[in-house]
């Protein structure tokens, strides 16, 4: 993988807040934001304008945005994940491999990757999309992951580097996808985990709905009756998506609890 290094100096005296989604000047602010993302990606861009394009939503620029990179990244992602599954699971048939790949490249999986990469703070959005909760919109986060894959491939001109980056983002998701439980949605997995430990079922509460259809954002809270396990609040384009995201984070939180989980009195 391409080693992490410092980016070149930005243009002198850039406009204040020059990457507050209102301009695409390569400024010191952009350099700083990209440096943070670089550490998460595990890749340093040679062409900063390509990195910028990969983060630009069509609401900011209807012509110069990440949609073409997303198209390329989608194709690369399917190939990289498919190849990894082919070698990782030599005894699985075509149908099973297809379902496993679908699980790994679906929106919910890409949103998890986007959250791990902290992409929401890096996206370049139009004013309306920002106000409408676009930074947490599942479709935008998933698309941005794919666009970054396309951008890394074009920037590096190296499939091996691209593959290494993508697989590092997935971590142990590919190893765990062979587990039938990993193929179930997060809410089902959370419920089964709690039932297996004789805990109460999780409680989901719709906290608020932001914006107007078709660009509404639903905010949901997930609660479990376990000591030292704070509530999880997440948002999504639908209540179902928000609940799934909250359940996924709750599962991760439960797995990190020290000792034996205990029920609240």
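Including glycine, each Cβ sits where the backbone N, Cα and C put it.
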Recorded Mg(2+) site member, picked from 67, 70, 208, that accompanies 143, 146 in Swiss-Prot: 70
Segment confidence, the domain 'RNase III' (34-157), expressed as mean pLDDT: 90
Rounded to the nearest Å - Cα separation of residue 143 (Mg(2+) binding site) and residue 74 (active site): 8
Listed in sequence order, residues with CB under 8 A of residue 70 (Mg(2+) binding site) and six or more positions away: 143, 144, 146, 147, 150
